[in-house]
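Student: Quick one: structure below, then a few questions.
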Amino acid sequence: MNPNQKIITIGSVSLTIATICFLMQIAILVTTVTLHFKQYECDSPANNQVMPCEPIIIERNITEIVYLTNTTIEKEICPKLVEYRNWSKPQCKITGFAPFSKDNSIRLSAGGDIWVTREPYVSCDPGKCYQFALGQGTTLDNKHSNDTIHDRTPHRTLLMNELGVPFHLGTRQVCIAWSSSSCHDGKAWLHVCVTGYDKNATASFIYDGRLVDSIGSWSQNILRTQESECVCINGTCTVVMTDGSASGRADTKILFIEEGKIVHISPLSGSAQHVEECSCYPRYPGVRCICRDNWKGSNRPVVDINVKDYSIDSSYVCSGLVGDTPRNNDRSSNSYCRNPNNEKGNHGVKGWAFDDGNDVWMGRTISEDSRSGYETFKVIGGWSTPNSKLQINRQVIVDSDNRSGYSGIFSVEGKSCINRCFYVELIRGREQETRVWWTSNSIVVFCGTSGTYGTGSWPDGADINLMPI
């Protein structure tokens, strides 16, 4: 090969190698960019909700001939699909209840601006628990707090704070309401807020901060709802509402709601005679509620809700140790599962219970006649055996010398099971404490535990003589 041919050959080879290197660098660049965008491709969820996902740092060291490429993907916030809650995990096995939270609202009102409230409850989103109550449009140390014993005024609003944070002046007023229920479907909060005239009230359905639907009174006699959390399964939320006599036949309906819109209404069916102020919990694939019979029974009604076909059944808790107040003493009280016991049925108080196999856990006032003291216990066979009375694992939450009030259930989903928790309303002021003109409350909260626990009493604790009049 002559010198000219050698030069041409070397030049051609060099040009070919250079071309290959150039094309490879283009391929590397395209691959890197493609991987970058594929790494962060995420489906956009409905209603534009995003949750931060863990950032992933990808380092690529690619060596090609004499070129070194170091590519680092920056940290990014990636939209992650938020799913509806389905509550399909089993119920936690518990030995009793352990202290969880206490807000001390009345004690703090002696020296601070705290709302006057009643009808409190607790509900949780997937990450945090909140306390709710119906405010009276005034703080306690304020002349507007006079005569706040009345349940229904146009100034009452639903208040919402993180659990354990008393309702201070900066508290959010979610809606106008003198009766309410709230629950989180996994994507957003639903609030059911009842207000208006006794004979023509309105229930507003607020979802994700927006008014979505409403319904008017259907019996023109104090439309009212649960005063505790509703329950959502796979995007369908259920709420029990009653309109009609508080001491006679009333018209109870179960509303099915999807993202704030009423999609179905079922009438109450089964053997329950009177149903108010239900304490509901998820019992997959349905919802179960323990309610107040304010007409015939001191045994509590049970309402079973089928979320799939909208069917309803109702009965009564079988335990002969009954849960309402007033009631007969435990020796003479009865319950036979299907019907009201006709024992001191007129009047009552909101309460709760939940099934545990054939047994039942329940809470009630210690007093048989007044809203004083509070206790919890398990009744063996109390869910399935008529008039069962074998009580175990009794705990005192509030001693009998101190006032209690409404109580209700809420559910918390853990890693492997669903825990049941309850709150107790600790009422202070009128009617019993006539030194002051106001009526308000604080709360104490307990949750189920599989561990051991001690004893105590957790009353409101405010000295009424130190309180504003």
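Placement of Cβ uses the backbone N, Cα and C atoms for every residue, glycine included.
Residues or ranges marked as active site, nucleophile by Swiss-Prot: Tyr406. Annotation source Swiss-Prot lists substrate binding site at Arg118, Arg152, Glu276, Glu277, Arg292, Arg371, citing sequence analysis. Positions annotated as Ca(2+) binding site by Swiss-Prot: Asp293, Gly297, Asp324. Per Swiss-Prot, disulfide bond is recorded for Cys92-Cys417, Cys124-Cys129, Cys183-Cys230, Cys232-Cys237, Cys278-Cys291, Cys280-Cys289, Cys318-Cys337, Cys421-Cys447, and the stated evidence type is sequence analysis. The region 'Involved in apical transport and lipid raft association' annotation in Swiss-Prot covers 11-33, and the record cites sequence analysis as its basis. Residues or ranges marked as region 'Head of neuraminidase' in Swiss-Prot (evidence: sequence analysis): 91-469. Summarising the annotation, Swiss-Prot assigns topological domain 'Intravirion' to 1-9.
Could you place these features in context, so I can see how deep they sit and what lies close by?
Tutor: Taking a C-beta cut-off of under 8 Å and a sequence gap of six or more, Tyr406 (active site, nucleophile) has these contacts in its own chain: Arg118, Glu119, Pro120, Glu227, Glu277, Val349, Lys350, Gly351, Val424, Glu425. DSSP assigns Tyr406 (active site, nucleophile) to coil in the three-state reduction, placing it in neither a helix nor a strand.
Counting only residues at least six positions away in the same chain, the Cβ atoms of Val275, Glu276, Glu277, Cys278, Arg300, Pro301, Asp324, Gly348, Val349, Lys350, Gly351 sit under 8 Å from the Cβ of Arg292 (substrate binding site).
In this structure, Gly297 (Ca(2+) binding site) belongs to neither helix nor strand by DSSP; it is coil. With a 10 A radius on its CB, Gly297 (Ca(2+) binding site) counts 27 other CB atoms from all the protein chains.
Same-chain residues at least 6 positions away in sequence with a Cβ under 8 Å from that of Cys92 (disulfide bond) are, in sequence order, Gly414, Cys417, Ile418, Asn419, Arg420, Gly448, Ser450. DSSP assigns Cys92 (disulfide bond) to coil in the three-state reduction, placing it in neither a helix nor a strand.
In the three-state DSSP reading, Cys124 (disulfide bond) counts as strand.
Reduced to three states, the DSSP call for Cys183 (disulfide bond) is strand.
When Cβ atoms from all protein chains are considered, those within 10 Å of Cys232 (disulfide bond) total 27, not counting its own.
Take the CB of Cys278 (disulfide bond) and look out to 10 A: across all protein chains shown you find 33 other CB atoms.
Under the three-state DSSP scheme, Cys289 (disulfide bond) falls in the strand class. Taking a C-beta cut-off of under 8 Å and a sequence gap of six or more, Cys289 (disulfide bond) has these contacts in its own chain: Gln226, Val240, Cys278, Ser279, Cys280, Tyr281, Val302, Val303, Asp304, Ile305.
In the three-state DSSP assignment, the secondary structure recorded for Cys318 (disulfide bond) is coil.
Less than 8 angstroms from the CB of Cys421 (disulfide bond) sit Phe97, Phe100, Val122, Ile409, Phe410, Ser411, Val412, Val445, Phe446, Cys447, Gly448, each of them six or more residues away in the same chain. DSSP assigns Cys421 (disulfide bond) to a strand segment in the three-state reduction.
Here the region 'Involved in apical transport and lipid raft association' (11-33) returns a mean pLDDT of 64 for the predicted model.
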Student: Count the Cβ atoms, other than its own, that fall within 10 Å of the Cβ of Arg371 (substrate binding site), considering every protein chain shown.
Tutor: 19
Student: How many Å lie between the Cα of Asp293 (Ca(2+) binding site) and the Cα of Cys337 (disulfide bond)?
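Tutor: Computed Cα spacing between Asp293 (Ca(2+) binding site) and Cys337 (disulfide bond) is 14 Å.
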Student: Within 10 Å of the Cβ of Cys183 (disulfide bond), how many other Cβ atoms can be counted across all chains shown?
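Tutor: The answer is 26 other Cβ atoms.
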Student: What residue among the disulfide-bonded residues Cys291, Cys337, Cys417 has the most other CB atoms lying within 10 A of its CB?
Tutor: Cys291
